[in-house]
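Visitor: Quick one: structure below, then a few questions.
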Amino acid sequence: MAGVALKREGPQFISEAAVRGNAAVLDYCRTSVSALSGATAGILGLTALYGFIFYFLASFLLSLLLVLKSGRKWNKYFKSRKPLFTGGLIGGLFTYVLFWTFLYGMVHVY
């Protein structure tokens with residue numbers, strides 16, 4: 001029975017540096033998608049409620065892609081799934097509005 005490995009039961013040890021690194025990657029992804037979707041909304045000329053709906057759709061799509069990428073072993077990379085869905089959502093909204101209004105003004109106003 002030398003080929004059978006015993007599965008160790010017990011507490012999981014989590015590296016705090018790895019958790020912070022993963023949070024930084026999530027923040028970078030959320031900021032990048034917010035900037036790109038804001039620029040897209042501005043170029044497309046979306047206004048008012050349609051622009052905000054576009055942001056939340058883009059944010060939901062990013063969250064879905066992050067969940068699919070992390071797979072069933074999400075607990076290997078994160079303490080909970082909540083940061084995948086809500087992490088950086090409000091900060092990303094500010095970035096989105098900045099790019100949205102700037103590109104809308106450059107393309108449709110001037």
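Each residue's number is its place along the chain shown, starting with 1.
Cβ from N, Cα, C; glycine included.
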Visitor: Membrane-wise, does Swiss-Prot list Tyr50 and Val109 on the same side?
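Guide: In Swiss-Prot, Tyr50 shares its side of the membrane with Val109.
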Visitor: For the topological domain 'Lumenal' (45-50), give the DSSP counts of helix residues, strand residues and coil residues.
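Guide: Counting residues per DSSP class in the topological domain 'Lumenal' (45-50), I get 3 helix, 0 strand, 3 coil.
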Visitor: Residue list, the topological domain 'Cytoplasmic' (72-89) vs rest of chain: Cβ under 8 Å, 6 or more residues beyond ends.
Guide: 12, 14, 18-19, 22-23, 26-27, 30-31, 59, 63, 66
Visitor: At a C-beta cut-off of under 8 Å, are there same-chain residues at least 6 beyond the transmembrane segment (51-71) that contact it? List them, or none.
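Guide: Contacts of the transmembrane segment (51-71) (Cβ under 8 Å, skipping residues fewer than 6 from its ends): 26, 29-30, 33-34, 37-38, 40-41, 77-78, 81, 84-85, 89, 92-93, 96, 100.
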Visitor: Check the topological domain 'Cytoplasmic' (72-89) for me and report the mean pLDDT.
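Guide: Over the topological domain 'Cytoplasmic' (72-89), the predicted model scores a mean pLDDT of 87.
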